[in-house]
Amino acid sequence: MDFMSGMGGIPMDMLDPSLFPEGHRPQQPPPPPPAQQDQDVEMGDYPAAGHEVDDDGEESDVSDMSVDSDAMELAAEVARFDKQQEEFVARQRAEAAGIPYQPPAKPSKSAAADKKTKGGVIIAKGRKRKSKTVKGPRQAVKPSPDILFRLNLAQQAFQRGDYETTMTMLSEIIRINSEVIHAWVLLSSVHEALENRSQAVMCRITAAHLTPRDVPQWIATAEYCLEGVEEMEDDEEGNQPPEKVDALKRAYACYSQALEVDRTHIQARIARADVIMMMGNQQSRALGEYQKALGYRPYNIRTVRNIADVALDVKDLKKGAGIARAAYRKVIDYLMERGTFEAEEGRFEWSDLRIYLEFFGTLELWREGLRELKEIARWLSGRREETYWEEFDDGQRGDDDREWDIGEERRLGVNGFVPGKFPRESYGLGMPMDLRAKLFVYRCKLGFHDTEAKRHLELLDPTRQEEFMDFPDCLKDIAVALLDQNKAEEAKKYLDLFKHIAETEGTGSIDADFLVCQGRYHISLGEKQTAEECFIAAIEDDEDHIEARVQLANMYEGEQEQEGREEAYLLVHEAMNLQKLGPRKRRGPYGPRKNTGPRKPRKPRDPNAPKSKYVPRRLLNAEKRRQQEMEQTKEATKNYQIMQEMEGNALLGDEEAKSKWMAAAKALVDDFRSYKRFYPWDKYIKLLGYTNPAEGGQQAVPARNLKLAAMEERLRDLAPADGAKPNAPAPVSKPRFKIPQEHRGIPFETWLNIFLNYAFALVRAGEHREAYAVCHAARDSVVWTSIENTFLIHVAWASCAVYAGDEETCVAIARYFMRDYRPGTDSFRMFSALCRVCQTPVSWYTSGPAQKFILRQIKIMDNIVIEQQKSASGEKDDLISLDVCLLTIYGHILFTTTSYTYALSYFARAASIDPTNCLINLSTGLAYIHYALKRQATNRQYLLAQGFSFLFRYYEDRLAEAERNGSVGQRQEAHFNMARAYSLIGLGNIAVEYYKKVLEEPPVPKVDKTDEERWKGGLAEEDLRVEAAYNVRSMGYLLGDVEGAAGVVRRWMVLE
């Protein structure tokens, strides 16, 4: 049932049959109302459902309500009876008066056409009557007494708990009149009592469609859909259960329907934005909805908070922060002007200030953030009239924070300050500890390390644990600011306090941010191995953490080994890619914390988003690195055993075995591809999805990525190989280390089989692009560089392309064989074979690049032959000469593109080399015949004579060859091709004679593959008798010989 379409009456064929038990489903009442337009899930400018629109664009007052068929029939009978009664009375009166009876005249068609009837009122032609616009919800149909009686009985049965009887009565009511809202609501209650939640929701939605302009009804229905959604937990991977997804979609549709009626309804718009947020990964859409809601009510504090919550999660972080900051500032100015903290739907509190200040840190507006913090904190403390403190914000009196000192020594020297006018708690003592930390961070960013920042730090005493219990996250910010000043020992005090609070009190968590701070502390002490472990632990805790990758790359960049610089380059690229994707998780603004138990796993960004292929490797801690290698080896051995165990059942079609085999193979292939030493550097970074900006693969770097871009520029040019010039590209074909004979205890030959078998499995599963990527990874590896392995990889790649029907890839691989192997007949035949077996149009076979490539091969051979002929020594290379296969292929490409004149020239060159070749004569003859059938042909008789002369030469040579070989299939082929040629020019009588010769031939014997003498590794001959019989049948049927066509079918085309 499409619950997005507004309905005046509910057609029975649109009702969900599952809403009614078996035997109680209502029958189809005639006639159904006209179909309504589908509502877009986004806000569309469609007219309200269930209302007609007249020529002036206004709503019609004509109801589109359905009427019961029995009631309509009864009304018609009553009207007919009344008419007959009036005629009888008139006839009796006329006879009594002696006047001949004259029946009333019927209106003429022309008169009826000049008038229109609308709502029972006759309107003259040429005039338009504007209907009265209906305001508010549409009036429901008044139920008949019979319906009310039945509905009363259903309610009594429901109250008794007799749900079976209730559903039976409601089914009958809906059959009689599907617009009874109370029937649908009661049916929803029945399903709710029976725990059929989905059917209950659909009944509520159906009831809401009966009053499409009733906004409260739509909102109530949406809220009903959302009941219990918060209790539906996501799975371990962060995916929402199907029930939750359906409930959110239905609620979104209901809120959208409400907004179609009233776009200014703030509750519906905010609720729809909330639903979008609950759907996940749609923060930009939710932000747009909240902005629209704020446009109607700009001082609604709840909407502003929602915007602030979404703004730090959108992809463009700075844009979102700017929007939220402006919205908060507008509310603050409004409240300050009116001298109150009470806003619409809430009160401005200290927590709002904490949220507001987050955006200044995101935008790196330290001076503005400091000024806003002091101004709003002064207002919240009840001292807004003391505006003279603004002169100490980089003004005439200096730049300090004496207003927020604990003592009054510095405040006493300020003109205008009156001690005791306001309580001391409204100054320094009233500043929350987390906002004091903000003041410290802002002053450090502005360079006041030894003055104001030092004063604030003295008040942020790490020995007073109780002052930080509600705001433990601010300890990390203090530590970061101290680490930026190279004060590691002082930072350690705050880090230890945070760790103690997290482990003992449970008001915090050891997250990736803390691990990064701890790693920076160890770097300042020169403990690189411990710092490396901290950064890698941060990446493992939060796979999207950017700062951990940047710090790890900074540490690796200082290593003298080239491997360290390579690792740094990869880490920087990972960080840049993550910044492009936008934030997935952010730390919430400071506020009182409660013990929430163990931290839940993070929700992934998007199940369909590409996951990083790079796993950071330990370079400094050799022991940890060995342990990591041993764990990976153990895991690879386990996956290899699974593949061996599941292979037999997977080949027999066991789906469970297939899935296990695929999962194990994928893990092994990913492990091999992540091993950097098996690939040249440029291939490895492309394998990870990175591109060189010089190659045009990367767009302009946004402003927020300038630091990372500069670091990436430094690391891009790695240390050149020995003896190479600084800017010369390093050779990539030779590995920089001695390649072992195995990896993870598995020989490399077995690894190649795993790659290729996994590619075959992928293409059979419909994932041909992933199969190509696996073949590409095998080809780029420095392990399989031998000719045999490379040939095998490309043959497997071509097999995947043929299975997928990808002619473009088939042509590309065929060109590889013709280009990278010695030119010869076999490689040219491979090109034709791949294009032939690929069941797709010939667009790539005849494409411009393919034509140019084949033509270049011909020119190369021509030049070689000419040079050999001009050579004085007369030496010739017997292996290099004009190739008949190559000339014929190019002739066929031109033939397919209807360039018959040019094709004939290349067929003639091929015939000059091999004049007895049957294929060349057949192709030449067909080219002449097709050229003769073109409109531009000048001498068709000559062209046809030339064509058939070549065809008869082909025919005679083919029969002679068949006689020598004793081949029945070749004789059938010769007869069939001659018949097709005569049929092509319209000589059906001659074509039939050759078709008869095909039918007179004996059947082609089936070839046993085990018979090497007859099989010889070639293709089996094809029996053409069925094709010939089909053509004879078609010709006979078209000429009117139906009996003859039927006889051919019965004799030759009946399958045994």
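Each Cβ is built from the backbone N, Cα and C atoms, and glycine gets one as well.
Residues annotated as compositional bias 'Acidic residues' in TrEMBL: 53-62.
If you look up TrEMBL, you'll see 620-635 marked as compositional bias 'Basic and acidic residues'. Listed as Cβ neighbours of the compositional bias 'Basic and acidic residues' (620-635) (distance under 8 Å, sequence separation of 6 or more from its ends, same chain) are residues 528-529, 532-533, 667, 671, 744-745.
Taken from TrEMBL, the feature region 'Disordered' applies to 1-66 (among others).
If you look up TrEMBL, you'll see 581-635 (among others) marked as region 'Disordered'.
As a summary of secondary structure, the repeat 'TPR' (884-917) carries 27 helix, 0 strand, 7 coil according to DSSP. Marked as repeat 'TPR' by TrEMBL: 884-917.
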Number of helical, extended and coil residues in the compositional bias 'Basic and acidic residues' (620-635), per DSSP: 14 helix, 0 strand, 2 coil
Mean of the pLDDT scores, which run from 0 to 100, over the repeat 'TPR' (884-917): 90
